[in-house]
Amino acid sequence: MRISSPTVRWTIVVALALTAVTTVVGVLLMPDFSGTHEDGLRAIAASPGTATASSLLFTFSQLFLAVGVVGVATQLRDRAPKLAYLAAVTTVLGAFGHSAYGGVQAIMLAMAADLDDAAAHAEVLAAAEAGAGLPLMALGLLGTVLGLILLGAAILRAGWGPRWLGIALIAFVVVEFGLSGMSVWAGYLSGALFFVAFVAMAVLTARGSDDDARRPAGVRASASATSE
């Protein structure tokens with residue numbers, strides 16, 4: 001489906017581009033949270049400026065992600081309606097879960113300023129994550145994983161843009177959530193895949209490149225043969 005309104009189209013373009021930038025930069029600035037909660041608070045205290053920037057970028061990136069993916073799904077719905085709809089719904093739910101956890105990160109910034117009680121703060125964080133925070137964390141993780149896989153599948157099904165675009169989104173999920181714990185280079189690769197995929201979707205949306213997605217497969221093949 002072609003987005004006829006320039007305002008809507010460019011809103012989606014900006015959202016997709018900002019998703020790429022805020023997500024990747026936010027992750028690069030993120031403190032080391034691989035240890036305990038107390039270790040995480042001390043990591044924040046060691047670099048409060050970058051930790052604050054990372055937290056804010058992460059939280060705002062979820063808003064941009066939701067808007068951008070819904071915009072892409074709108075362009076795919078004529079050729080892959082079910083996949084596009086499911087991708088939009090699950091990604092929005094994932095963005096909600098992650099943005100809610102962004103509030104926890106904001107609290108951690110305040111806790112990190114009081115390291116004398118770091119052990120007590122760590123206990124509070126652990127209790128919160130094991131309680132009311134658990135479903136939100138699960139929603140963020142599962143929604144994002146399923147949403148991006150479905151979006152990649154919808155792009156492949158609709159024939160929207162280059163074929164590698166849908167593959168890149170699916171590959172990002174595999175590398176980020178399956179391999180990033182094995183090597184620091186996997187984290188860099190996943191960031192590159194995410195950035196390139198979302199910038200590509202922004203460019204396609206800016207160009208209004210939905211011609212292939214609106215044409216039946218036979219018409220696309222005939223048009224290709226004619227052009228040759």
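Glycine is no exception: its Cβ is also placed from the backbone N, Cα and C atoms.
What you are looking at is a predicted structure, and each value in this text was computed from that prediction instead of being measured.
Taken from TrEMBL, the feature transmembrane segment applies to 12-31, 51-73, 85-112, 132-156, 163-179, 185-206.
By the Cβ criterion (under 8 Å, sequence separation of 6 or more), the transmembrane segment (132-156) is in contact with the transmembrane segment (51-73), since 3+ such pairs are found. For the transmembrane segment (163-179), same-chain residues at least 6 beyond its ends with a Cβ under 8 Å from one of its own Cβ atoms are 141, 145, 148-149, 151-156, 186-187, 189-190, 193-194, 196-197, 200-201, 204.
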